[in-house]
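Per TrEMBL, the features are:
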DOMAIN    11-126  domain 'Tetrahydrofolate dehydrogenase/cyclohydrolase catalytic'
DOMAIN    145-301  domain 'Tetrahydrofolate dehydrogenase/cyclohydrolase NAD(P)-binding'
Amino acid sequence: LISCSNMAQIIDGNRIANEVRCEVRLQLEKFVGAGNRVPHLTAIIVGEDPASQTYVEKKIIACKEVGISSETKALPITTTQEELLKLIDELNNDDKVNGLLVQLPLPAGIDERIICNAVSAAKDVDGFNELNIGRLALDMKGIVPATPLGVKTLLERYNINTFGRNAVVIGRSKNVSLPIAILLHSDGRNATKGMDATVTICHRYTPPKELTRVCRQADIIVVAVGKPGLITKDMVKPGACIIDVGISRIPDEATGKFKLVGDVEFDEVREVAGHITPVPGGVGPMTVAMLMKNTLNAAKSQ
């Protein structure tokens, strides 16, 4: 038997997501028991991207589990931006809809920024509207994007100390990496209950040598690039916490099928890290759980 005592502790996203969903279900029962309507989430999907369809299905299943009523509006790929905006406007004005999300990516010819900003900030359970992102940046109360909120929750529930620690965020998407960096560096005493870390942001144009240098000094590495094998053992400080948000489908040489991998060389990095999230089963399930939490909170604040 190999001793695994020096291996990183696995951060189990499925377990924590399950905890969060149970909490949401109990809060929801209380909320409805107090005479409020059952919260409702509407998801819009344009076109037939298989990955997007899978994501939306997972969200609808989670709604059923926690007791949120839900509906998916599936639109053809030929839908124009004007038609989509008209539907969003109708749903914004529908009092029965508490949460509204438009599944990304959208087909060519539709401007994602315009669409995200069209969703009412109060119903924007994805947290992508410019008002919610702006409130997050200013450390004010708003709806925080689900994946970043999921990352924050994993760090908290595994008691990863972030106060004054060095954190590196690799990636610069406005929906994931930037909000994660904001949450990590924000003041824990303010509305977003930030994590008080010292944050360095890297991205695809950070020279590899520089990326390695910065990562080696990090107590926490959050990577969200979608580039398999980006983070290797030699880049990780012993005992560091590794949060892998990346997800890619690659052929599995052993089975000939496809498998899901993150941005971290999991097996080798696990030998030096203190904590690590697997892919799948790490950040992914947390995103859906946080979406449920955001939907309930949106219903409460409306």
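These residue numbers are counts, starting from 1, taken along the chain as shown.
Positions of Cβ are set from backbone N, Cα and C atoms, glycine also.
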For the domain 'Tetrahydrofolate dehydrogenase/cyclohydrolase catalytic' (11-126), the number of residues DSSP places in helix, strand and coil:
57 helix, 19 strand, 40 coil
Average pLDDT across the domain 'Tetrahydrofolate dehydrogenase/cyclohydrolase catalytic' (11-126)?
97
